[in-house]
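Novice: Here's the feature list from TrEMBL:
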- B:His52: active site, GMP-histidine intermediate (ACT_SITE)
- B:7-14, B:36-38, B:53-56, B:Glu64, B:Asp85: GTP binding site (BINDING)
Amino acid sequence: MQLFIGGACAGKCDAVSERFPAARWHRLEAGTRLPDWRETVVAEVPLVVTGWADWIEMALSDEPDDDRLREQLVAALEALVAVERERGTTVIVILPEMGRGIVPMAARLRRLRDLAGWLAQDVAELADAVEYVRHGLVKSLK
Amino acid sequence: MIVFVSGGARSGKSEVAERLARDCQRAHGGALYYLATAMASDVEMAARIARHRRDRGSEWCTREVPLALGEALDGIEPGSCVLLDCLTLWASRARFEAGYHSAAGLAQFEALLVAARTRPLDLVVVSNDLNEAALPQDAATRDYVAFLQRLHRTLAREAERVVEVVAGVAIDWKSPHA
């Protein structure tokens, strides 16, 4: 698994497209269950998964408990890692960095920011490579 | 040479940029220009500008940046070193005062970079990193950040040197010596 993380409009998608031109892209649909990756993954074709923040934002209303929401996300990541191993492919996770500003006034935005931060840590832990994208430039962190 | 220096609030980015501009000037001779984007809209802002001006010292020739950014280098002699501080403020004036569309603003900015290349002169651009926060979700803020990031990505692509400043320490993202 590889993580590409960076701020809003930092150039993450362009960086991933350049690195993985043949990849399939899967955008998580807000308001749906996290998918069963077994059906999504094509053997030996890199899979890019985006839309995590939008998915979390919708899930905040359904799941008031942050720990349980984080567990759901970790389960999805572990399923991705398993499928990656079984199907001989690479999964690329794109995440927004949103933790560097002042604490947001809106409780909802604070929860989103917390969950996005935890998710980034959880992905980075599982990932073989972590790339930080800043103003279109890419730095390898792991 | 074009240099891009950015960081958070009070990260020391202006000081790092001034040092880099002075290094350019020492290497090539020529005059030192400071293109200011800040306007004194209240007492706090006036004090902030006065502090910056005092810290810079007297060898700088200070000018205000026009909204038509592509004309900002008009009349500046070739071989000078020009420091623009900061792009974030110009971008917000361009959007909210002048009502530039994203494409028109980007065209002005690209004209500035072309002018720096053709003159030629050294240009150091300072800007704020704003896009790694949980951003307010109104459309105006999102459009502004998207516009600023278009400028930042263009600048990072065109610049020979890109520097991030954290606590006064310069971290190289792109360097002519690398």
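For all residues, glycine too, the Cβ spot is worked out from N, Cα and C.
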Novice: What's the CA to CA span in angstrom from B:Thr37 (GTP binding site) over to B:His52 (active site, GMP-histidine intermediate)?
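Specialist: Pair distance, Cα basis, whole Å: 12 Å.
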Novice: Can you grab the distance from B:Gly7 (GTP binding site) over to B:His52 (active site, GMP-histidine intermediate)? Cα atoms, rounded to a whole Å.
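Specialist: Pair distance, Cα basis, whole Å: 17 Å.
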Novice: Expressed to the nearest Å, what is the distance separating B:Arg10 (GTP binding site) and B:His52 (active site, GMP-histidine intermediate) at their Cα atoms?
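Specialist: Checking the Cα atoms of B:Arg10 (GTP binding site) and B:His52 (active site, GMP-histidine intermediate) gives a distance of 12 Å.
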Novice: Between B:Lys13 (GTP binding site) and B:His52 (active site, GMP-histidine intermediate), find the distance joining the two CA atoms and give it rounded to the nearest Å.
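Specialist: Roughly 12 Å, rounded to the nearest whole number.
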Novice: Tell me the Cα distance separating B:His52 (active site, GMP-histidine intermediate) from B:Glu64 (GTP binding site), rounded to the nearest angstrom.
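Specialist: Answer for this pair: 14 Å between alpha carbons.
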Novice: For B:Arg54 (GTP binding site), just count the other CB atoms lying within 10 A of its CB, please.
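Specialist: B:Arg54 (GTP binding site): 9 neighbouring Cβ atoms within 10 Å.
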Novice: For the recorded positions listed here (B:Arg10, B:Lys13, B:His52), tell me which residue's CB has the most neighbouring CB atoms inside 10 Å.
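Specialist: Of the recorded positions B:Arg10, B:Lys13, B:His52, the most buried by Cβ count within 10 Å is B:Lys13.
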